């Protein structure tokens, strides 16, 4: 059956070459055109960053600005004593963008304090309340104007609602009681004079603003938790790093024992989680309010509320039980393949042991990715803060200048006001009418695309570097005597010197698919409110197809990079050769493709589960020895989740080296079988133990497949 796969349908097997001894050193540059495109794109990316930094102002993210772009509460300005930003119509600001003040389409002014009472312009005009009301109007408002003119010109807000300052912005204080804001079937407010006024028209906007307010409060509490627990979070991450390093070192010497210990420990950790959830579920039996449904409770910003519900612990128990059953069943059905995977992991352990500096290479990848993320985030912020307040001329009668841009400070005395009597310069929108402002959306898309391209390039560089180092180990006949002096640095130098274009090509293909997925997600969000079922079905199909395409391209790229590291061929040739090589050894791929990944996943789960359980007991004050050491928190799940996610990323960084090593050794093993026959003239480069187990396992798998057919 295997011979049938080698008849040319999937390419020509490699021929015996007595001069071939690992990664080829005499190689030329590949995919030069893509390298040039990448360099030009980087130059363009730097130019976009410079332009964004010239026009943008990141202070807008922190400090509020009024409609004229002047900061509130800044010393040396006319708003020095006005520290808070007030919105004329908060309903128009009911979106997440209001948090950053980028595009809130309503006039905004700086005020000394937020309004503390309900007033309408109509009721306040002409009375003593107008003195209080006027501080929330545009500075220098003309007293001679009537209410219609004030509203038409945008000089004053139509209504004031009690507000609370948050991050120097005034947000409506809704869902309060006794003299603040009453929201019910008919929303009313009782002011100090005992009068009650209907504000039903503000309910929808107030609810949205309250959602933004609650989200901001949640973010502030989470930030407070980080400020008091960051030290312990770092300690937890250091523990995860030490555990990961110890795990890798132990794999070097006792890989077989460690794998089985890892499997047993994962089962025990999940078993303890099931037991703990059951005990909490039983403890809450009979307690008041513990039987409330999660659906009835709805979303709560204080997640501790959910831990007082029996249904929460029941859900946790069911999820952990399902995971436990799945893992046990997989272990039962994959027990023979696990033995084969252990043999490959042992060989990978030897390779990592001889190239120990490979364990530190993920730090290089992490550093380069941090640079990409930092540049993308800073450029995005500068681009977003490039918008300006645009004012246009409005007039009730026919005016040739209506709709044109104007300056509100100079308009009353300009020739334009004389040409159009009765015209006024009014705030229109945030944005800009220059070519730069019209191109802002395209620049943001380009910013995201370049981030994907550069991030994928960094990951590709790491994969080629590790593949080149481990391939040098495999093709060294007398290990480690024939191993190069610095295999990792040599592989890194070859990748940058000769194959920058190939890495850019593979990263470009993946980045295109990823940017399409981002656009599909954006369109999906826009279509959620639509009732067109066919459009939703089509969107779901497209998202699924591109998700599968991205996974396939990642798999193909990974194996193509291994072939590039070994032979120095261009990307397309390497991808084709890698794909055909895997297809010619499809049975072995079926045996080992996901089994080693499954074992590495168990290792990550063991490290993450152990550190997560330790963090849970520490931050919930359940360890008596250090019970008083744990900091007081608003939400103890904040540091716990941070430690869990960070531990997974750290463990993934260490195990990714092993994963790349296993994939490289596997492809080299398949090439070795085609090049050599195990004779004295053409000996195998693999270890005898690995050869016997892999050949035996693939033979048994082949017989089983033939029997099924």
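Cβ coordinates are placed from backbone N, Cα and C, and glycine is handled just like the others.
Curation does not apply to TrEMBL; its annotations are automatic.
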TrEMBL annotation of transmembrane segment - which of the ranges 383-405, 406-428, 498-520 it falls on: 498-520
Given ranges 526-549, 598-621, the stretch to which TrEMBL attaches the annotation transmembrane segment: 598-621
Stretch carrying transmembrane segment according to TrEMBL (options 561-583, 676-698): 561-583
Residue numbers, six or more beyond the limits of the transmembrane segment (315-334), whose CB comes under 8 Å of its CB atoms: 263, 266-267, 270-271, 273-274, 277-278, 281, 294, 595, 598, 602
The transmembrane segment (561-583) and the transmembrane segment (230-250) contact flag, 3+ Cβ pairs under 8 angstroms: no
Touch test for the transmembrane segment (498-520) and the transmembrane segment (32-53), at least 3 Cβ pairs under 8 Å: yes
Feature contact check the transmembrane segment (230-250) with the transmembrane segment (633-655), CB under 8 Å, 3 or more pairs: yes
